[in-house]
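Residues annotated as domain 'PDEase' in TrEMBL: 1-295. Annotation source TrEMBL lists AMP binding site at 70, 71, 72, 73, 74, 111, 218, 269. Residues or ranges marked as active site, proton donor by TrEMBL: 70. Marked as Zn(2+) 1 binding site by TrEMBL: 74, 110, 111, 218. According to TrEMBL, the feature Zn(2+) 2 binding site maps to 111.
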Ligand SMILES: Nc1nc2c(ncn2[C@@H]2O[C@@H]3COP(=O)(O)O[C@H]3[C@H]2O)c(=O)[nH]1
Ligand SMILES: [Zn+2]
């Protein structure tokens, strides 16, 4: 593994939403992910050996593809934002440890084996994934399936956690499925409707909050410092343009937001931030007023 020296300063920095992913190699990122599980006391609580966690994360690492955006570094950023939000909102005092384990593991697994083409492409091109899942969130269903494959192979070595029956496997799936952006308004509206009178001991409320937290983390690049966010936009556009080029070649419908002839950086960000990111972040900040700072 990596010889990354974990100072107290790094431990604290890792808990902040200003963390810069671009400074670290993948081997170091692996250590940082382990640190998140350790510092949330998940290893001790669920009797997970550090080596087992390391192997699990390595399997995850292997199943992310080398593509511009939906790669292992994106997996890390989403997980790190989730981790940061857990600390910022003091979620440890509000939910059970198993919920934290689910949240972190869902984030780690949420884009497994993404090939760089979105659901619209899968459906229009009638890919194997679209056929397998009847056009219903083909990608997210696939990320779940791969996550299960990995988790099941660790069932015996993680007797107190991910593979076991005590671990609510299914909820990882619900969190990952919640990242399909076609369900954005549905989830946001449900969350809004329970905000007044939100109760952490109400399972329905807590589950919805967990889904909102993974969604927020998934689209949070623009909430990061400019020098962190900018390169991510280039990665995203590279993946978008690659898809639209292929769609043009194959005579498939092209989404305007992916078309290199129509998209500019400002135009793509202004609409996304105003109509997608902010409305979601604002509702989360309604529940946790301390979050105003990252808006
Ligand atoms: N335009 C824009 N879209 C984003 C940004 N971050 C995330 N997204 C979109 O939000 C989506 C979240 O789910 P996906 O990973 O499928 O694909 C992502 C992108 O389409 C961003 O910074 N700008
Ligand atoms: Zn993602």
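Positions of Cβ are set from backbone N, Cα and C atoms, glycine also.
Features recorded in TrEMBL, as mapped to the structure shown.
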residue: 70; record: AMP binding site; contacts (Cβ under 8 Å, 6+ apart): 64, 111, 114, 116, 239
residue: 71; record: AMP binding site; contacts (Cβ under 8 Å, 6+ apart): 64, 65, 114
residue: 72; record: AMP binding site; contacts (Cβ under 8 Å, 6+ apart): 26, 29, 61, 64
residue: 73; record: AMP binding site; contacts (Cβ under 8 Å, 6+ apart): 21, 26, 29
residue: 74; record: AMP binding site; contacts (Cβ under 8 Å, 6+ apart): 111, 232, 235
residue: 110; record: Zn(2+) 1 binding site; contacts (Cβ under 8 Å, 6+ apart): 75, 78, 143, 175, 176, 179, 214, 218
residue: 269; record: AMP binding site; contacts (Cβ under 8 Å, 6+ apart): 222, 233
- CB contacts for residue 111 (AMP binding site) [other CB atoms within 10 A, all chains]: 26
- Across the record's AMP-binding residues 70, 71, 72, 73, 74, 111, 218, 269, the largest CA-CA distance in angstrom? 23
- Query: Which value does the mean pLDDT take for the domain 'PDEase' (1-295) in this predicted structure?
  - Reply: 94
- Filtered by Cβ distance under 6 Å to ligand 1, the binding-site residues 71, 73, 74, 110, 218 reduce to 218
- Across all the protein chains here, work out how many other Cβ atoms are within 10 Å of the Cβ of residue 218 (AMP binding site). 19
- For ligand 2, the binding-site residues of 71, 72, 111, 218, 269 whose CB is under 6 Å from one of its atoms are 111, 218
